[in-house]
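Student: Dropping the structure in here first, questions after.
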Amino acid sequence: MSLHSKKSTSTVKDNEHSLDLSIKSIPSNEKNFSTEKSENEASESHVVDVVKDPFEQYTPEEQEILYKQINDTPAKLSGYPRILSYADKWDIMLQLAGTITGIGAGLGMPLMSLVSGQLAQAFTDLASGKGASSFQHTVDHFCLYFIYIAIGVFGCSYIYTVTFIIAGERIARRIRQDYLHAILSQNIGYFDRLGAGEITTRITTDTNFIQDGLGEKVGLVFFAIATFVSGFVIAFIRHWKFTLILSSMFPAICGGIGLGVPFITKNTKGQIAVVAESSTFVEEVFSNIRNAFAFGTQDILAKLYNKYLITAQRFGINKAIAMGLMVGWMFFVAYGVYGLAFWEGGRLLHAGDLDVSKLIGCFFAVLIASYSLANISPKMQSFVSCASAAKKIFDTIDRVSPINAFTPTGDVVKDIKGEIELKNIRFVYPTRPEVLVLDNFSLVCPSGKITALVGASGSGKSTIIGLVERFYDPIGGQVFLDGKDLRTLNVASLRNQISLVQQEPVLFATTVFENITYGLPDTIKGTLSKEELERRVYDAAKLANAYDFIMTLPEQFSTNVGQRGFLMSGGQKQRIAIARAVISDPKILLLDEATSALDSKSEVLVQKALDNASRSRTTIVIAHRLSTIRNADNIVVVNAGKIVEQGSHNELLDLNGAYARLVEAQKLSGGEKDQEMVEEELEDAPREIPITSFGDDDEDNDMASLEAPMMSHNTDTDTLNNKLNEKDNVVFEDKTLQHVASEIVPNLPPADVGELNEEPKKSKKSKKNNHEINSLTALWFIHSFVRTMIEIICLLIGILASMICGAAYPVQAAVFARFLNIFTDLSSTDFLHKVNVFAVYWLILAIVQFFAYAISNFAMTYAMEAVLQRIRYHLFRTLLRQDVEFFDRSENTVGAITTSLSTKIQSLEGLSGPTLGTFFQILTNIISVTILSLATGWKLGLVTLSTSPVIITAGYYRVRALDQVQEKLSAAYKESAAFACESTSAIRTVASLNREENVFAEYCDSLIKPGRESAIASLKSGLFFSAAQGVTFLINALTFWYGSTLMRKGEYNIVQFYTCFIAIVFGIQQAGQFFGYSADVTKAKAAAGEIKYLSESKPKIDTWSTEGKKVESLQSAAIEFRQVEFSYPTRRHIKVLRGLNLTVKPGQFVAFVGSSGCGKSTTIGLIERFYDCDNGAVLVDGVNVRDYNINDYRKQIALVSQEPTLYQGTVRENIVLGASKDVSEEEMIEACKKANIHEFILGLPNGYNTLCGQKGSSLSGGQKQRIAIARALIRNPKILLLDEATSALDSHSEKVVQEALNAASQGRTTVAIAHRLSSIQDADCIFVFDGGVIAEAGTHAELVKQRGRYYELVVEQGLNKA
């Protein structure tokens, strides 16, 4: 399906081309987006194919080029064989040691069965009146064996636990590294269809699944396998015929597993894929959070997110059914075979073919073996998840990228002249195959000359830069550098010769100095001394006109720029980016809209820097503001992928063609003299650039921009404060910036989401106390989300079924002890009858346990899936409830939020579902065996139970050790994940700077700390776990020794002894197994504490609040600022507004102008009530905006920003998303007509049902902007806010959009911010901001006459002729 007809090719935005071939959006049902899919679709790819063959219109050769750029490559090998291939020799040694010791530890229980058989013979002999004289000696002798086994099991358990944890972390670390390396190796076209949220999920949640499947659980599997195998070996040696009967359970159990695992695997893969898809949606929502606030779409977006969760829940329930039946079947077979074995064993015993020692030895050996197999079943989910998660990761790792900066192949580019030629280029974006962007396009860019590209959006300008950078390959024609085809050149060496400056420069979270050095290739940087490097940086800064303002910063070149440079203004970021571009003295300089979003003063300064940088090098410039390219050697006018005309500025004016019309549209043809006059005035002015405040650029700053994308990297303020105390206290305006400490030191782990609403100066201790809750509170909090009756019933039935499972152990003990008692009199006439009766008891127990385990697993998992889905939905809505201040904080990045919604919720499984069922099973077991043992024989019961605190204490300290390191591990891994997310979200910048190797190296370094922490944690926690494992055998020794004493004295009989022994020993053993879940419980408790903290935190501006004055419609929509003072909450030291006074009358169209950082966008933020002012008041209709109900108030306002936000879905869905109530088709069409977009929409293949693509990527800037205007108008707002609504558009698009805005402003109060003064000349009143106050106010004509600050802006833009 084509989103654009061929007639509209020229209007397609060429720089936004990420429409997925398999679009992850479904046509809507009325207002809400729909994400419902069939299970088959979701389990395979979770997408709906728009076309069968998107490239069918191209030749086979062209199709191959396109497919190579976007298609995935299925992994040649996946699963555990592939995972284990990442082990080096040390890992192999660790795993080998772990395997051997795991097997050694697994031998302990079967060996115990041998000892138990010998002791059982001695006890039955004593009960039948035989061997009384040697009884105590025999018992003492065999009790010593228990002690020897205990020592061996303790040592082996410790070794296998530690070695597998360490080896698992090391292997998972290499997979993480390989995955990021593969991601950084991909061509840019691959990222056009891959969501940033999906990368984050893969590198966090999925790699955590892999690590979990490689840790101590692997050791437990070898332990269980060894127990199983050795148990049967011992049993066969003791009596093969009897053991063969017991062995019949093995094929039956394997058959059940064989049927269940494939179904479980399929649904696990489906669930993982849906969660990854939902992460992309989360990233899309929170990247544009201000838009959600402005239009009040939180509930709609939450419902859309919930549809992803429902799909994931469906997979989880399907998985639960299979898991429940499989586990139930395993226990049914086990208990059924026990009944069969004792039935046949009694006959063999009666016939004299078997003695009691062999029968009991074989039984215990097989019993222990089968239990060991059953103990694997709860771990199976970890292994299935591990293998499923690895599949997607290895698909990416194995993908062969056609353009790979890591590959050494290709001719190395060294000394070049810099001549670029595009010859007969045919180009189409792989994710938009229906649009031919360049058609037989040819252009020569001479060496050392400036070539400028102009034309409408979608005409192919940015594509040319992408081809020169070799971000893409054309499907036809060639791109030459000095006569050599780019495809024959080494990619990295090619990009080392090129520097790119983009419209939205990306700076990294480090110092100004480091950001500039990133422009130097490593081959050069490594050869420079410290002094030479500093000289280069300073020279580059001076060339970029950045040196003077850098020297006024708090730490000068050592000043940290903040995440994505948000502490810098737009002009400052741009000039740092230019310095970064020119430091390597590139032969080729590419400038893509480098000044379009700047105010006039910044533009003049930046343009001078660009003019300086362009001298003596090949330069390609894209510009919508023609004033910036009038001096170019060759100006190329591009339209619909073809060159319309080219020549110098004057030559093209003489032609009076397309270029002349563009010039006329911008009213620049007569402005050269005035432009020169302004530049001369700037030359005469002092070189120090006036800075209102450090980074106080509320148009370009992430903190204040109304449509700023969320930053994707995180910091940890605690670690940071320590560093600041040591050396990095930054003082500015005589104030210590402790509260912006998280921006001063880069690349540190983020605070968890739970910490996000805390005051910056709170200590680590106070933060920890705020979040830390005990296990009971966490359990109550998680299950407080059980809401529906079916969930309550499932939870109660699941608990009851789990308790029945737990009660099996004491029932088994009572049956076994009484069964053993009949062996004391083999000559009894009713012996065989008694054997038959007890065999039936075993069969009944088998049937009960089948239903109990099946129902327990299914019911608990059903309830868990519902609860976790609801908690995830609740957390999503809670995050959407937070105010803008919350998202301004550096720790609340998109990466952190996406990770929290994925991994934190996943962690809650440790206190819910099957794990909770296991807890009730164990609790029931402990209580019931205690009651049974005390009722049967209180003396032996008390002595044996007195040892249980040893196991409990060992388990407690293991949990405590894990608890202490879990927080450090979580923060450290989140740091590395956030760094990876930041780098991949800025992949074009990373690629253009050729920084892939550096990013990869930094990421590898960031994984070292968590690896070290994991090793230390394993050494501590493994000690306590091993103690819990070994002490079981000591308890056996004590029980047999004391029991023998009681029996020898005649106080106990054999029934009493074996009832107490089996009940307590096996019961305590199972209690010890629960501590194997301690790591999961720790993670769940920490996650629940953070989510609970966030849930209970109330934002200052609360959209859930019902308080405040209700307003259905504003009366006059008059706006007044009275002595307003304001500082952003995260930058209290910087005053943005300093006593602002202004009045906007009802129905007026007013404009705010001024330099960056003067407070313009801040006023819109205050009108929208994104923030509350510090002093003074903002009044609308004479009422303080604080007194209105926030939701009712925002319904009266509509916002159109510089970067319009569109979501995945159809055009219709995106438009009606802005409606404050249900709207009719006619109302929607009327809004579109006013926005000048209706006719265009009708021309689309599916009209209003045409898909927009991710973030509206299939539409041009002008088209997206007009849809955003329609979305604003459908609200029928009383107040319309326009924040740089046309600044990033080309002249044609700007004209069309401006006409739509003019129509939209009729009959309502309109506030517009604009750098292009031509768009606001007709305003009723123009307010000129300067330093947070109004410097001038009046109409355009009045302000021009005053010859003040506004007049300077007019002259700078050549508008005084108007």
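Glycine too: its Cβ is placed from the backbone N, Cα and C atoms.
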Student: In Swiss-Prot, one of 536-555, 916-935 is tagged transmembrane segment. Which stretch would that be?
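Tutor: Transmembrane segment, as annotated by Swiss-Prot, spans 916-935.
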Student: Given the binding-site residues Ser459, Ser1155, which one has the fewest other C-beta atoms within 10 angstroms of its C-beta?
Tutor: Ser1155
Student: Below 8 Å between Cβ atoms, which of the listed ranges 138-162, 220-237, 244-264, 789-809, 916-935 makes the most pairs with the transmembrane segment (354-374)?
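Tutor: Looking at each of 138-162, 220-237, 244-264, 789-809, 916-935 in turn, the most contacts to the transmembrane segment (354-374) are made by 220-237.
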Student: Write down the Cα-Cα distance for Gly1159 (ATP 2 binding site) and Lys461 (ATP 1 binding site), rounded and given in Å.
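Tutor: Each residue's Cα considered, Lys461 (ATP 1 binding site) and Gly1159 (ATP 2 binding site) end up 34 Å apart.
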Student: With Cβ distances under 8 Å as the criterion, find the stretch in 92-115, 138-162, 220-237, 320-346, 789-809 that has the most pairs with the transmembrane segment (1022-1040).
Tutor: 138-162
Student: Quick one: find which recorded stretch in 92-115, 138-162, 220-237, 244-264, 789-809 has the most Cβ pairs under 8 Å with the transmembrane segment (320-346).
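Tutor: Ranking 92-115, 138-162, 220-237, 244-264, 789-809 by Cβ pairs under 8 Å to the transmembrane segment (320-346) puts 244-264 first.
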Student: Among 92-115, 138-162, 244-264, 789-809, 916-935, which stretch has the highest count of C-beta pairs below 8 Å with the transmembrane segment (835-859)?
Tutor: 789-809
Student: Specify the count of other C-beta atoms within 10 Å of the C-beta of Gly1154 (ATP 2 binding site).
Tutor: 27
Student: Using Cβ atoms and a strict cutoff of less than 8 Å, what residues sit near the transmembrane segment (138-162) while being 6 or more residues removed from its termini?
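Tutor: Sequence-distant neighbours of the transmembrane segment (138-162): 97-99, 101-102, 104-105, 108, 111-112, 115, 118-119, 122, 131, 216, 219, 222-223, 1018-1019, 1021-1023, 1025-1027, 1029-1034, 1036-1037, 1040-1041, 1044.
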Student: What is the total of other Cβ atoms whose distance to the Cβ of Lys461 (ATP 1 binding site) is within 10 Å?
Tutor: 27
Student: Near Ser462 (ATP 1 binding site), how many other Cβ atoms are within 10 Å of its Cβ?
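Tutor: Excluding its own Cβ, the number within 10 Å is 24.
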Student: Kindly assign Lys1160 (ATP 2 binding site) to one of the three DSSP-derived states: helix, strand or coil.
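Tutor: For Lys1160 (ATP 2 binding site) - judged by DSSP and reduced to three states - the answer is helix.
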Student: Which residue, out of the binding-site residues Gly458, Gly1159, shows the minimum number of other Cβ atoms inside 10 Å of its Cβ in this structure?
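Tutor: Each of the binding-site residues Gly458, Gly1159 was scored; lowest Cβ tally within 10 Å is Gly1159.
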Student: Hey, what's the Cβ neighbour count for Ala456 (ATP 1 binding site) at 10 Å?
Tutor: 26
